[in-house]
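Shown below is the structure under consideration.
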Amino acid sequence: MTYRSCIPQNDLECYYNPNKTKYKSTNILSSIQHKIDKELTAYITDKTIDDTFGNRMIVFRDSFYDKPKNSKIFRQIIHMIETSNCWYSVKFLMDNGISSLFSLGITPHHTYPKKYYPMIISPILSLESKNDYQDYLALVRLKNFIGYSYDYITKYWNYKLSNKQNFINDVMEMESQLSLVTLTIEQQNNPFVIYNSLKWREFLEKYDVDNFWSSILGSYLKKEDYVIFDNIQYLSYLREYLKNTSKNSIKNYLVYSLVKKFGLYTDLLEFYNDIVIESINHDQIFLNMFSQYFGIYLETVFETRYHDKDKKEYITKMFYDMKLYLRNYFIECKFTDKTKREISLKIDNLHMVIGRQNYQYDLENFPLMGNDFYENVLNLERYYFHESIKLIGSTINKEWFSINGGMYSFEVNAYYDPICNVLYIPTSIINDMTISLERDDVYNYGSIGTILAHEIMHSLDNFGLQVNCDLSIGNKWDISDYKFYLSDLRKIIQHRIKLSNYDIASSIDALSEDISDTLGLKLSFKTYLSKFNKKIEPDNLSTNDKIHLQKFFYSWTETFKNINNNNQDDHSPSYIRINAPLAHLDEFYYLYGVESQHLNYLDPQLRSRILDKIN
């Protein structure tokens, strides 16, 4: 019997298939999210919700439908910014969930003490990436957007501090300078870069200007508390910006921050699509808004419908089987005892939260809703901000994910947190399309198993390596083992770069995801093999064995296939994501008869050998 040299799913997404764009295909995970979104939207727009919390959501919904252009609350905020001390205005915006010169979140401290502390996050650019600020046409579109914003806020929000040209110039100057110090995608994922901390008193000595930080954060921190920050360059830039920039110029940027926060809910929406890659529509805004502000309620509704105890138990067992396989592999490998100990402890201490995460808000303080939509939003933002602020100085709970909002179980997004060494598999992914207790295990390992294994292997990807078993940052492996492991990971990246026609920037952006895709596929397949109890060699597999194991790869491709890749996705394009990891799995060659003349062949010397059989 002749076996095909490629995966058995019509080869629609194969990078070696010239017809890969001939047909459309549906991404299962996107389909799941689309179905959930439709159900949640139908629930939100239903007239018959009769519980107390749901009624608040309905009042909020109706205020959205009837939102005014001339909201009194905006005129008050604008007047405050125009007439008050700049630092007071920044604090007011922060307390009401509006990012201006920085954002503030609460996050686990990455070193001793293991407590929650505030994290200062540099502002998000208006354009999609820092590279866009080198594009003349993109800058023209941004200037036009700022101009439209000025026209809107002078007409409806009673803004009158500055003329139009000065407003545009001040905002463009801040945006352009900010683009120079904004982190790259690779840096944003690197623990060495984004996890920095100082004691509060030390932070003030280094970065405070004219009591800026002390007046804004001082009421929340004691001198021995820590401040975490993601971008040292930005803090240095901000220090100079505050020293040398006129207060009116700063105020112009604060007003623009209001536009960035609320413009999506106004007539400015049509102009947003001039400065973003992915078009924004009213349906997205509507559902994202309710997820953000009423996610705690919608999650309860969702869990009531879709919580599946048996599937959770199945995945939990799969998780421990994968951890056992992974641990045994590294115990048997040729690393030093020091490295083996570090890896073993990290795997042992790897935890999973499945279904919904356990952080609960104090709903007794949840605000009542009124008729003014924008006032409702500010009340909600203030509520969530102060709920998170209460955690400062408290001990880390590894099962809490959404202390800054988000990470709800109805969002199709598995996640690994390197600082707590814990992964999250939401209820949304525990779907009949990814796991069925009625079908052969091989399909489940090819689908939900690869998702789970992908997140597990983030703990040992290029960034996960930087966090040790004690959750400190800075790899503690034996140096020779560390270099050997990294050299093997580079094989995955070099392969990815080749498939991207040597577009190195594109590959670097997806670097950790490519590693976790490849090693996750290996881990799931080899864990399944340990249950299947067969050694994969060309001469000891029957035809039935091959047909059976091919189901794993069929399930893998059915889960991730998608031609129309999202430009904002951190992962590789789907036609690469599906196929590239297979080239590093020797068993794939045996099962499909892949030989050197085939385009999906990779020389054995160029394949990653992590998780391969130890001779």
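The chain as shown is numbered from 1 upward.
Every residue, even glycine, has its Cβ placed from backbone N, Cα and C.
Heads up, here are the entries from Swiss-Prot:
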- Glu455: active site (ACT_SITE)
- Asp517: active site, proton donor (ACT_SITE)
- His454, His458, Glu513: Zn(2+) binding site (BINDING)
- 1-611: domain 'Peptidase M13' (DOMAIN)
His454 (Zn(2+) binding site) has how many other Cβ neighbours within 10 Å of its own Cβ?
26
Enumerate the residues of the same chain, His454, His458, Glu513 excluded, that satisfy the criterion Cβ within 8 A of the mean position of the Cβ atoms of the recorded Zn(2+) site; list them in sequence order.
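Going along the sequence, the neighbours come out as Tyr416, Glu455, Met457, Asp461, Ser512, Ile515, Ser516, Asp517, Gly520.
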Using all protein chains in view, find how many other C-beta atoms are within 10 Å of the C-beta of Glu513 (Zn(2+) binding site).
20
Given the active-site residues Glu455, Asp517, which one has the fewest other C-beta atoms within 10 angstroms of its C-beta?
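Each of the active-site residues Glu455, Asp517 was scored by Cβ atoms within 10 Å; lowest is Glu455.
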Rounded to an integer, what is the Cα-Cα distance in Å between Asp517 (active site, proton donor) and His454 (Zn(2+) binding site)?
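Their Cα atoms are separated by 6 Å.
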Measuring Cα to Cα, tell me the gap between the residue listed as 'active site' and Glu513 (Zn(2+) binding site) in whole angstrom.
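Distance (Cα to Cα, whole Å): 9 Å.
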Can you tell me how many other Cβ atoms are located within 10 Å of the Cβ belonging to His458 (Zn(2+) binding site)?
24
So what pLDDT does the domain 'Peptidase M13' (1-611) average out to?
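Here the predicted model's pLDDT, averaged over the domain 'Peptidase M13' (1-611), is 89.
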